[in-house]
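Quick look at what TrEMBL lists:
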DOMAIN    45-449  domain 'Amino acid transporter transmembrane'
TRANSMEM  47-66  transmembrane segment
TRANSMEM  72-97  transmembrane segment
TRANSMEM  122-142  transmembrane segment
TRANSMEM  174-191  transmembrane segment
TRANSMEM  203-223  transmembrane segment
TRANSMEM  243-263  transmembrane segment
TRANSMEM  284-303  transmembrane segment
TRANSMEM  332-351  transmembrane segment
TRANSMEM  371-389  transmembrane segment
TRANSMEM  395-418  transmembrane segment
TRANSMEM  430-449  transmembrane segment
């Protein structure tokens, strides 16, 4: 996987040289202000730290929906689509970075402002706000479900802590999420540089790998045992309805690699910013490998019984020795993974809200009161949303998918077609048109399928 030449020179650029082009009003990145920001001792992010941060941005809750796409598409077409979307995501990021270099923009918001003016900058800020708030609320809901259980349609599904200790006052959803927020989310959200999250990001990726290793081990055990049937290799299309059903997985695949809102922040903190193309390539290769393995072994293990969220399959009897212990290990490792993903998604959320509310203020990192106020406010909104809004999941199935495809495909394509500096090739413009068509189509499918399910079944209520 390659993303082409982003900068024609091989010259190493230090953080000091990049200070010359920093736009203090640009959102989506922590600008570098030397003594003013108090970061003099920071000599630049490492390659590995950048890879872990970008990989953590990519691998979130969406990984759990990928095995279900195999049930619809079959293994061959499903895996091919996962790999294809990795290449398409790489192309969209390459376009962003190439136009950023040309326009001397150091943020996604700055690039949109350069191409479309103030309203373009505000549009990307709003998209990141909608997408990231939705993602963080869903993460918190999943953490609550896994640890303290959930009640749906009058049926209670016990959480891990309820299974271990029984129903206690301290393992209810509200208390668990409050403790998680105060002990984990708040301290990590107080860090002012994205590179400071490199160790938690590495641990987050490791936990996702732990989940994968356990699933692979269970699958191999059952393969040897002879209890796994031959999986479907190709989609089962028998009529128009089954054909149209193939497109319901498009939104999951299209949004699987959305990480564009953190690319500039990671690039700005690299000591050698020519490494960003290798960072993107390595992160996408790592994440696509995890995605392919999770999809393959998840579908092999559960077959046509694979649920939309494969994590739910691990609340049933696996029919193997130590099955209960392995179920709990999978669920706990994944909940811990999401806890560590939270701050890497929160980082651009705070910067974009600051850009919307205080576009002319001094850099956020140098204003402790503003930094703390925005952090506390956003964490509070996320916490309250996860606890008190019963249909929040349904709402963000609409807004989250729409904002995500705008961030990942529609806006990079629009910047390319705008081509303010005349650097876009015919291939770039053809690719951009394809990305817009794909994104709009996936949105239409997502909105139709979610609206149909919502009106047919009513909003989901979680307690």
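Including glycine, each Cβ sits where the backbone N, Cα and C put it.
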Near the transmembrane segment (72-97), which residues from the same chain, at least 6 beyond its ends, have a CB less than 8 A from one of its CBs? 1-4, 6, 66, 108, 111, 231-236, 245-246, 248-249, 253-254, 256-260, 263-264, 267, 276-277, 280-281, 284-285, 287-288, 291-292, 295-296, 299, 408-409, 412-413, 415-416, 428, 431-432, 435, 438
Take the C-beta pairs under 8 A between the transmembrane segment (243-263) and each of 122-142, 332-351, 371-389, 430-449. Which stretch has the highest count? 430-449
Hey, which bits of the same chain come close to the transmembrane segment (430-449), Cβ under 8 Å, at least six residues off its ends? 88, 91-92, 95, 247-248, 250-251, 254, 397-398, 401-402, 405-406, 408-410, 412-414, 416-417, 424
Restricting to CB pairs under 8 Å, which listed stretch, 47-66, 122-142, 174-191, 332-351, 371-389, is in contact most with the transmembrane segment (203-223)? 332-351
Count the CB pairs under 8 A between the transmembrane segment (332-351) and each of 47-66, 122-142, 371-389, then give me the winner. 122-142
